[in-house]
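K.L.:
I'd like to ask you about the structure that follows.
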Amino acid sequence: MAKLFTFAVSFMKHLAYLNKFFYKYRWRLIPGIIFVVISNIFAVLPAQVIRVAFDLVTENIATYKLYSGFNRQHIVYDIFGSSLFLFGVLVLVLALIRGLFLFFMRQTIILMSRHIEYDLKNEIYNHYQLLSLAFYRRHNTGDLMNRVTEDVSRVRMYLGPGIMYTINTVVLFVLAIYAMLTVNVRLAVYSVLPMPVLAFIIYYVNNIINYRSEQIQERLSSLSSFVQENFSGIRVIKSYVREGFVRKSFAAESEDYKKHSMSLVKIQAMFFPLMLLLVGLSNVITIYVGGVEVMKGNITPGNIAEFIVYVNQLTFPVMALGWVTSLIQRAAASQKRINEFLKEQPEVTSPHGIKKTIEGNIEFKNVSFTYPDTGIKALDDVSFSVKPGELVAIIGRTGSGKSTIANLLMRMYDTTGGEIRVDNTLLQNLDLNSFRSQTGFVPQDVFLFSDTIANNIAFSADKLDMPKVEQAAKDAAVYNNIIELENGFTTLIGERGLTLSGGQKQRVSIARAIMKGPQIMVFDDCLSAVDTKTEEEILNNLGRVMQGRTSIIISHRISTIKNADKILVIDNGRIIEQGNHNELMQQKSVYFELYESQLLEEENA
Ligand SMILES: Nc1ncnc2c1ncn2[C@@H]1O[C@H](COP(=O)(O)OP(=O)(O)OP(=O)(O)O)[C@@H](O)[C@H]1O
């Protein structure tokens, strides 16, 4: 019992988060509860009408027999018939009124649950938007989506049907058991005896059903990820002639799914007959014990009919009790998962950040950084400075820490050592949104939304300004490619639209950053898929667009960066050389070797 209590308390602890919504929607909840009570009163009343009608039948049969042989006998028969008809109408009217209130009950409580579901989804989604990049690295997309969809749906089941059926069960139980006890205590006790067993079995079987359904759900999502991945990688599958292998793997995954579905069907098949058996048992007990009581003269035969109606009316709430218990259990587990995410605080914040117009002075002072999730030290004692109007290039081997510098400058993460200053103010002290809105970032892995090209380029703006979009596309040397398309700037790209080439995507992504007109621009290896001639054109345009502003270009190719004002050569998280192209060439060290080897590669090509 104590264990059960702690169990219930732990459910309630997680679900307590939702109480604020009950308060918000109290003017739906309170009428809803009142409607539940009223509908139940009309559910219990017909049983009593039936008892009166039943007793009337037995009495009238006796009276009818008494008049046997008299010519008045048909009058008794007529009165008897019309009063029974009236009782029938009464039961029908009561049922209709009950139905009306059941409708109101659903209209208030279920609607409330839909409103809360909407609020909760928005709340979680808004919270997601606040969280930092590190959070997204820790959790996979499937998990993030599940908590805002699947988990919220389960919580809604508690808020709507869960609450509604709980109140309904309690009210009906109180009313029906009270009515039963006032008639005959012994019969009342015997009639409800199988009910706890029924509730327990429903709860138990329901838990098994839920568990198996979850397993099926898992198989289904693994099956769909399998299919989705294979469709995306269809070119690799075909070129490696692995169709047969993929077909077999699919059949194995499907077989697994089928096996789990079968086990669910088996348990579901048991569910209904078992329930009917227990309900039938209650009826048999009621008739037997009731019959004995009638013979003893304690109750009338009408009472048996009345009890049968009660027992059958109680069946659904008892089943609901078992169902609701497992439903609340699942909702609590889901809400616990939701709360975990809602409690997450963004690592990168700027509570009293300064909002100011940035000029573009950047200074890294002994900056070190270790990635929180992997413990990899990506930067070690990095110092450099950039003035407005300067172009700084970063070059180095793969994994040397170039993108990490960009990540820190964009405040995707905060430094773990040293400091970054922008216009002599610590980066942490600048207002995050104001700072980010004045910087442009072209990431290494290009991401474009499933939208038109124009909307992708104008992503930073609230309104679509076509002349600006076109100019940005021209500066990013992608304008000609776009207008060659049938629908030009209105061409849909991404999942549902056209797939651009790697170089085109990179240039659309550059145009998006240029469109923003930022004071600081960071290009993270975003010219890798562009030929050297186009690259030169883009760099020339950028020189014009970024005049008086700060640019940082990360690249592997010396051709991209050789005209930079300053070149940083990074290795293993440290700056090993620093200077312009000529200075570094004179040092005849790492940069020089890189230049020579790339020159050789080009000549060979
Ligand atoms: N999000 C991350 N979480 C944990 N470790 C990371 C993360 N991103 C990068 N790293 C690690 O930090 C180190 C530096 O990575 P970074 O991406 O800065 O290199 P890079 O010089 O930009 O490489 P590339 O030229 O291949 O893009 C690598 O060892 C990498 O494994």
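Placement of Cβ uses the backbone N, Cα and C atoms for every residue, glycine included.
Feature annotation from TrEMBL assigns domain 'ABC transmembrane type-1' to 32-330. Residues or ranges marked as domain 'ABC transporter' by TrEMBL: 362-597. Look at TrEMBL and you will find 29-54, 74-104, 163-181, 187-205, 269-289, 309-328 tagged as transmembrane segment.
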K.L.:
Below 8 angstroms Cβ to Cβ, which residues of this chain, lying six or more residues outside the transmembrane segment (74-104), approach it?
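P.N.:
Result: 31-32, 35, 38-39, 42-43, 45-46, 49-50, 52-53, 56-57, 60, 63-64, 67.
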K.L.:
Which bits of the chain, at least 6 residues beyond where the transmembrane segment (187-205) starts or stops, bring a Cβ under 8 A of a Cβ in it?
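P.N.:
Cβ under 8 Å, 6 or more out: 177, 180-181, 267, 270-271, 274-275, 278-279, 281-282, 285-286, 289-290, 293, 299, 303, 307, 310-311, 314-315, 318-319, 321-323, 325-326.
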K.L.:
On the 0 to 100 pLDDT scale, where does the domain 'ABC transporter' (362-597) sit on average?
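P.N.:
In the predicted model, the domain 'ABC transporter' (362-597) has a mean pLDDT of 89.
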